[in-house]
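Pulled from TrEMBL:
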type	residues	note
TRANSMEM	25-48	transmembrane segment
DOMAIN	41-290	domain 'G-protein coupled receptors family 1 profile'
TRANSMEM	60-78	transmembrane segment
TRANSMEM	98-120	transmembrane segment
TRANSMEM	140-158	transmembrane segment
TRANSMEM	197-221	transmembrane segment
TRANSMEM	233-253	transmembrane segment
TRANSMEM	273-292	transmembrane segment
Amino acid sequence: MQRVNLSTVSEFVFVGLSDAAEIRLLLFALFLLLYLATVAGNITLLVAIRTDSHLHSPMYFLLGNLSLLDLLCPTITVPKMLGALLLEHKKISFSGCLFQHFALIAVVGTEIFLLTVMAYDRYVAVCHPLRYPSIMSAKLCAQLALGTWATGLLNSLLHTSLVFTLSFCGPNKIQQYYCDIPPVLALSCSSTHSRELVILLVAGVLGSAACAVTVVSYMYILLEILARNSPGIWHKAFSTCGSHLTVVCLFYGTTICTYVRPSFTYSPHRDRVVSMLYGMVTPLLNPIIYSLRNREVKCALKRVISWVRRAL
């Protein structure tokens, strides 16, 4: 068996965040507000789904899983970034970087598969409305949700093992504010070509399969709408699928730009902007998108906010 190269680097250093004290404090305040707003929005949505009996349906069960992922995604990376901005503590241990990498890839992968399941749920709701309760049973929803989490964890385990069994014996400065695949691969002092091919192949196959299921689901939805051609059908379909479709486009666009490409195209400045989109902005926007476009969610959120006000 081939012997695995062990890393001689014991810690990594995050670079790329501003060195100017005034800008650091401004960025700290901005990112802290974004993070707190993201946490508050997703926790409120989770509480609304859990406590409101009107939201105890397959669609909102899956939406609750999405909110949990949107809560975990920035929590994995943002606190460390805030510490680097405020305390200038930009170092992370090798094991800490490994865990952060594993957790982040697991959450991102799980969200991709969950959005695919949600697309199938919307297809059943529009194309088979009378059979929807029997098809999307509580048991099937639980199995689908568990499958997305398991697939995301296994996918992350593969990617993390491919990246962190490389040799790291030279530079240890990560051109990012968290441990991600492209900037960590760029630091390896051993050949990464074969592992990059495996990462691209796995990401390409899984991502293409998820994207294909989503596209096919919406193609069937479109054909069903055109076949019915009844008054108000477009408005009803858009109210049912518009939120999910918006989230899919936003999330897929940013993740594909980050991961499904060779490492020689890696650009630290561009990738930091893109990672901010799917790491901070998307988790913030998702509960807003779903609450603004869904009357039931808006009513449930109003009830939760009223309950909180009375409790305070």
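Keep in mind that glycine also has a Cβ here, set from the backbone N, Cα and C atoms.
Please treat TrEMBL annotations as automatic predictions, because they have not gone through curation.
The largest share of C-beta pairs under 8 angstroms with the transmembrane segment (60-78) comes from 98-120, of the ranges 25-48, 98-120, 140-158, 197-221. Tertiary proximity for the transmembrane segment (98-120) is limited to same-chain residues at least six positions away from its ends with a CB under 8 Å from its CB atoms, namely 59, 62-63, 65-66, 69-70, 72-73, 76-77, 80, 92, 144-145, 147-149, 151-153, 155-157, 159-160, 163-164, 178-181, 184, 206-207, 210-211, 213-214, 217-218, 244, 247-248, 251-252, 255, 259, 278.
Each residue in the domain 'G-protein coupled receptors family 1 profile' (41-290) has a pLDDT score, and their mean in this model is 83.
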